[in-house]
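Here is what Swiss-Prot says about this protein:
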- 1-35: topological domain 'Extracellular' (TOPO_DOM)
- 3: N-linked glycosylation site (CARBOHYD)
- 36-56: transmembrane segment (TRANSMEM)
- 57-73: topological domain 'Cytoplasmic' (TOPO_DOM)
- 74-94: transmembrane segment (TRANSMEM)
- 95-116: topological domain 'Extracellular' (TOPO_DOM)
- 117-136: transmembrane segment (TRANSMEM)
- 137-158: topological domain 'Cytoplasmic' (TOPO_DOM)
- 159-179: transmembrane segment (TRANSMEM)
- 180-195: topological domain 'Extracellular' (TOPO_DOM)
- 196-216: transmembrane segment (TRANSMEM)
- 217-285: topological domain 'Cytoplasmic' (TOPO_DOM)
- 286-306: transmembrane segment (TRANSMEM)
- 307-310: topological domain 'Extracellular' (TOPO_DOM)
- 311-331: transmembrane segment (TRANSMEM)
- 332-384: topological domain 'Cytoplasmic' (TOPO_DOM)
């Protein structure tokens, strides 16, 4: 296709992927499947992210620190699925040459393209930062003592982290207009927004891999170290099935004039004893989670790097990389809620039929969970 380096630049800076086909009529028929994919992702992502936000805001038990970061990511993904994807789907279905806004938007749609790019950049940046905050929260939950965790994740600190994610994303988006190519100007040799996007994705991937693989390593090396957290949702985290069965019983209340003393650990039923297959399944779950992030983000990293250095990138590769990255916004709620018992109970109370089907599907791979009385609710179980 003609002028492939400039088109790849437009894609990386957040412009419409579908509008890249305007320069060549032969691509017109290939925009329809991409538009249909965007439509499906927009509908599914809007419903899924909206449902998670509604459940967390409606049910007290779901209002935990970790879920606050999940909701933050769902809000960002909702803006992408409900506001940006429908525009891409509609613009891709328009005839070639008519997919630009009226002439009062810079005569060639430059302002409208920049607006859509800013909306996409804001949503994706906050979403990726939220993934990092969730991973870091879970990693510190495993590797730090309960008192340290409580100090780090006080209410004001959590609110500050959420606000910082939006402020940082907004600051990065505001850098786009000065770097946007001027109409009629020759494309630059180095496209800094593309390189910035690639660097951000690489940093996010490194942090996620460090946190989740660190969780698996810490649990396998020292289950006793993890058990002191006494966190009632710990067994639902990737790689933590072995730790769930090692939780001590809650300490006895102090008697008159006496000090509190820990209860003698009671033997667990045979059904709750950790099995090698269950530990292997939990290790596999964290690897699958990491693979999802790698599959969704790494193609866009290489496309962004190539675009940053003005290397030609085929339109199909650009389309696939963006669709994979956008699919992460639609699948974000499922990554964190499909094995969470509290979420499943909340869904069953709202949508009985759907909740029962989801519970049956998750039960096939779920690790046996311990009761709340056995696991306790200290540290990370604190509510907002």
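Positions of Cβ are set from backbone N, Cα and C atoms, glycine also.
Tallying C-beta pairs under 8 angstroms between the transmembrane segment (311-331) and each of 36-56, 74-94, 159-179, 196-216 places 36-56 first. Contact count against the transmembrane segment (74-94) (Cβ pairs under 8 Å) is highest for 36-56, out of 36-56, 196-216, 286-306.
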